[in-house]
There are 2 protein chains.
Amino acid sequence: MQEKLFVVKIGGALIDDEELLNEFLKQFSEIKEKKILVHGGGKLATTLADKLGVEQKMINGRRITDKDTLDIVAMVYAGGINKNIVAKLQQKKCKAIGFSGADANLIKAKKREHAEIDFGFVGDIEKKSVNRKLISKLIKLKLVPVFSAITHDKKGNLFNTNADTIASVIAQALSSKYDVELLYCFDKSGVLEDVENPESVIKNISEEEFSTLKNEGKLHKGILPKLENALGAVKNNVNKVFLIKETELKNHIENHHAGTEICL
Amino acid sequence: MQEKLFVVKIGGALIDDEELLNEFLKQFSEIKEKKILVHGGGKLATTLADKLGVEQKMINGRRITDKDTLDIVAMVYAGGINKNIVAKLQQKKCKAIGFSGADANLIKAKKREHAEIDFGFVGDIEKKSVNRKLISKLIKLKLVPVFSAITHDKKGNLFNTNADTIASVIAQALSSKYDVELLYCFDKSGVLEDVENPESVIKNISEEEFSTLKNEGKLHKGILPKLENALGAVKNNVNKVFLIKETELKNHIENHHAGTEICL
């Protein structure tokens, strides 16, 4: 039997709420198994860009990361947010160690290529982008890696990379060594059948059901990429993948089910 | 014989000069022995504070790190600067891994105590503040730690800490395991007898000579704390301590002498 490893992803709304974040980090620090945390950005980067007069550029509705924006997200994600989360986890006796993908070449990305749009400093990653061996060694030292959504290309450039994707590829890469459970934590109790009804949690979504829901237009725009990353994980040997409510982390781990399970 | 370890400190002026920084990082990456880099801040934090309207508070001529200023330096030092240096070193095939003192509890500080002044989020450290065992393990994994001047108190708070002091205490802590050489790199060729004459490098300064120079008012205000940190290192078993010009790193390491050596 392989050893259990939780890869837990948290997003911006949680990070922006100090009290909720503290409660979440308490629950996270109490997980007895091996674990990794991946965090997104929150509003801070946008607020800072506004204050500094750095305009957020969009092309065809897609966000562009120009050099000024990259400088801001690198500071905010890999500096401010990451180090505050690490300090708070350390307070809770969790041996957190904060990383960007540049550190020890842990996640090497490729600049996003697109026929019409130059996304700027946006990095795409896949399973093999992850330095699986070194992450395993760090976990063996009883450390708890905390990843910000910043990667690099080993050519001296930092990149902005989707945090859901980072969580997915880390989970995939470590599945050869560990029994990995990937948890996407967000502010809903799971994927909802009816977005107006918080009780309408769909217990399981298979690849086929995902296609159906997607084609029927039943999936909220924000949940789509998260589900795609979740499906990417189960298709690449991640043992279990759930979307759960942030406040349900402890309950999910102790009672083995909460939220929506994504399966093949 | 213990294995050689270089602890190299660089400061703000170098960090602000992209071309000079790149040349320095090239020289640093070519050091064959084990090595650690410690970096200061540069103008970026001050520029950002100005733009954000965060006033720099001084009491009796001493800088105060209030919460807003701490948030800025944490972002800039541990995020922007640290990750850019790490990415550039990775490009140069150096296995850099960036840290604040909060990461893996590598440097635990105490809030500065002072009878009259509350310095705010300023952390003081000493030799025993350093997690020597874990840094040694990381070095054994062939990683090259890159430290920003941010520490923590294990109570959830980040601190601003003097980068010269960080370099000194890391060098001290690792001296039981390694033959440590501490190099303070700056924009002069060493400590100058006559600050107007760049050729007037003092080859050696002992503790006694330091006192004499200090009492005679011959030491530039900026060099004083650096020399005090350098002396603290030699008094705590660091094998060799030099102040050298940033562009002389490679020359110093290959030819065994450049700049000013600090000795007992």
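In case you wondered, yes, glycine gets a Cβ from its N, Cα and C as well.
These figures come from a predicted structure and were not determined experimentally.
Positions annotated as domain 'Aspartate/glutamate/uridylate kinase' by TrEMBL: A:4-244. The average pLDDT for the domain 'Aspartate/glutamate/uridylate kinase' (A:4-244) in the predicted structure is 95.
Taking a C-beta cut-off of under 8 angstroms and a sequence separation of 6 or more, A:K9 (site 'Transition state stabilizer') has the following same-chain neighbours: A:L37, A:V38, A:H39, A:G40, A:A163, A:D164, A:I166, A:A167, A:L182, A:L183, A:Y184, A:C185. Under the three-state DSSP scheme, A:K9 (site 'Transition state stabilizer') falls in the strand class. Annotation source TrEMBL lists site 'Transition state stabilizer' at A:K9 (among others).
Under the heading substrate binding site, TrEMBL lists A:G41, A:G42, A:R63, A:N160. Within 10 Å of the C-beta atom of A:N160 (substrate binding site) sit 26 other C-beta atoms, taking all shown protein chains into account.
In the three-state DSSP reading, A:K226 (site 'Transition state stabilizer') counts as helix. Counting only same-chain residues at least 6 apart in sequence, those with a Cβ under 8 Å from the Cβ of A:K226 (site 'Transition state stabilizer') are A:D164, A:Y184, A:F186, A:L243. Annotation comment: TrEMBL describes A:K226 (among others) as site 'Transition state stabilizer'.
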Task: DSSP three-state assignment for A:N160 (substrate binding site) - done: strand
Task: Same chain, 6+ residues apart, C-beta under 8 Å of the C-beta of A:G41 (substrate binding site), given in sequence order - done: A:G12, A:I15, A:V73, A:V76, A:Y77, A:I81, A:A149, A:A163
TODO: Look at the binding-site residues A:G42, A:R63 and tell me which residue has the greatest number of other C-beta atoms within 10 angstroms of its C-beta.
DONE: A:G42
